[in-house]
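Features reported for this protein in TrEMBL:
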{"type": "BINDING", "residues": "GLY175, ARG176, SER177, ILE250", "note": "NADP(+) binding site"}
{"type": "DOMAIN", "residues": "6-130", "note": "domain 'Tetrahydrofolate dehydrogenase/cyclohydrolase catalytic'"}
{"type": "DOMAIN", "residues": "149-299", "note": "domain 'Tetrahydrofolate dehydrogenase/cyclohydrolase NAD(P)-binding'"}
Amino acid sequence: MTAIRLDGKRIAGEIREDVAKDVAQFVASGGPKPCLTAVLVGEDPASQVYVRNKSRACEKAGIDGRTMRLPAETTQAELLSVVQGLNDDPAVHGILVQLPLPSASNGGNGGEGFDERQILDAVDPLKDVDAFSPVNVGLLMQGRHRFLPCTPHGIVQLLHRCDISASGKHVVVVGRSDIVGKPMAMMLAQRDGSCGKEVANATVTIAHSRTTNLKQVCLSADILIAAVGVPEMITGDMVADGAVVIDVGINRVNDKLVGDVAFDEASQKASAITPVPGGVGPLTIAMLLHNTLMAAKLQS
Ligand code: GUN
């Protein structure tokens, strides 16, 4: 079997066009121009690229995409005060603190390293377009979400728009991060997902670095979602014939971007697979725009 390539880039383009139309309508009906402010601490090159891409995507959708650049040496107290200032600014609808914050060895928080959790906890839940705050995580857990975290929401949109149903299927999520693995599992297991029943009601297994017999667990997946951050860790022999494979990884190896899935091998087994780049990555930004518009609507 040779897998169908799931074109996340094209679907993200469709979502971005829809958001741009909704933004124009919202502003035409008297709403404020939605505004996202990204907070970028330090000089990490990958984070700089991500933040620039987010800001450009905002502008294309008619959203004000601002970036606050702070030196790595910024203290925890100073960063908390910046977040508080954005919480209090009525012109800012969405706040995104770009992760990772600089480590102690990169001079973060004057060389002591940041308490990332405390910073994320300080973001006003109504402006928390990443959906990382405990309030928004809790609402998702209870099935009454306001914002959905961008990467798993993008994957749900991809499945929905490619007519791939997760209902009743066994989904294996490899990776248990707060950003992708945990919320992804929760969204797919919900009674009603954000796109209706067809991408919810899955039977979900979360696998991780301590899972015994990972290969057998992966082979039992109808839908296999890899979000581990290890280049090409999911090899072809871990993919069941006809499975759908979603690759969340973006790893730079010898100046080339590769996913968490060995694409060529896995494509021989899967019925459908996302490429890297051009798969899940573009959807994350599209859903961030969606959340920023939603934040502006919630605050108006
Ligand atoms: N770093 C990598 N992914 C993300 C994300 O989705 N949001 C934020 N704020 N930082 C990230």
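The chain as shown is numbered from 1 upward.
Even glycines carry a Cβ here, placed using N, Cα and C.
Other Cβ atoms within 10 Å of the Cβ of SER177 (NADP(+) binding site) number 16 in total over all chains. Among the residues the record lists as binding NADP(+), namely GLY175, ARG176, SER177, ILE250, the two farthest apart have Cα atoms separated by 16 Å. Remark: secondary structure over the domain 'Tetrahydrofolate dehydrogenase/cyclohydrolase catalytic' (6-130) totals 67 helix, 19 strand, 39 coil, with classes taken from DSSP.
The most densely surrounded of the binding-site residues GLY175, ARG176, ILE250, judged by C-beta neighbours within 10 angstroms, is GLY175.
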